[in-house]
Amino acid sequence: MGFTEKQEALVNSSWELFKQNPSYSVLFYTIILKKAPAAKGMFSFLKDSAEVVDSPKLQAHAEKVFGMVHDSAIQLRASGEVVVGDATLGAIHIQKGVVDPHFVVVKEALLETIKEASGEKWSEELSTAWEVAYEGLASAIKKAMN
C-alpha cells in the first residue's frame, strides 16, 4: 500500500502547526541530545553551548529537517519513492559521522516533537504518516551515503 492522500494531509496539517511555534525547534534538539548527548558535536550551532539555545541556525536546520520529511510525504504520495534533491546530503552525513542509530534518534525526536505540536490532534494515524515519510527520507539519505 502506498502513501495515501489522508497521510499526506496529516503530515501537511501538522507541519503547519510545527512551523507556527519556533520553540518546537528547540524541543526537537533537546530531545535529540537527551537521547544521544554525543550527537551535540555534529551540529555547529550546538557544539559551543552548554544547552540547546534558540538561534537562527537552529531554527533553519530544524525547519529544513521537518521540511524534508514533509517533502518526502509529498514525493511518496506522488511517486511512491523519495529522491533527495541535495546531492551533497549524503556526503555531509558521512562527514558528520552519522550512523544508523542516529537516524533512529532523529525519528524518535521528530515524532515526539510533532506529537507536542499537534496536541489533541495527535493520533496513531498521524504518527504513522510521519514515520513512513521519515523512513522514506532516511532511506534516501542512506542511499546517498553509499
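Just so it is clear, glycine is given a Cβ too, placed from its N, Cα and C backbone atoms.
Annotated features in Swiss-Prot:
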BINDING   Ser44, Lys64, His93, Lys96  heme b binding site
BINDING   His61  O2 binding site
DOMAIN    2-146  domain 'Globin'
MOD_RES   Tyr24  nitrated tyrosine
MOD_RES   Tyr29  nitrated tyrosine
MOD_RES   Ser44  phosphoserine
MOD_RES   Tyr134  nitrated tyrosine
For this session: Round to the nearest Å and give the CA-to-CA distance linking His61 (O2 binding site) with Tyr29 (nitrated tyrosine).
Result: 10
For this session: Give the residue counts of the domain 'Globin' (2-146) per reduced DSSP state, in the order helix, strand, coil.
Result: 109 helix, 0 strand, 36 coil
For this session: Mind giving me a neighbour count for Ser44 (heme b binding site)? Other Cβ atoms within 10 Å of its Cβ, every protein chain shown.
Result: 11
Exercise. Cβ distance under 8 Å to Lys96 (heme b binding site), same chain, sequence separation 6 or more: which residues?
Worked result: Met42
Problem set entry | Number of other Cβ atoms within 10 Å of the Cβ of Lys64 (heme b binding site) across all protein chains | 11
Seminar exercise, completed: Residues near Tyr24 (nitrated tyrosine) by Cβ (under 8 Å) yet at least 6 apart in sequence within the same chain, in sequence order, are Phe18, Ala62, Thr113, Glu116, Ala117
For this session: Would you count the other C-beta atoms found within 10 angstroms of the C-beta of Tyr134 (nitrated tyrosine) for me?
Result: 25
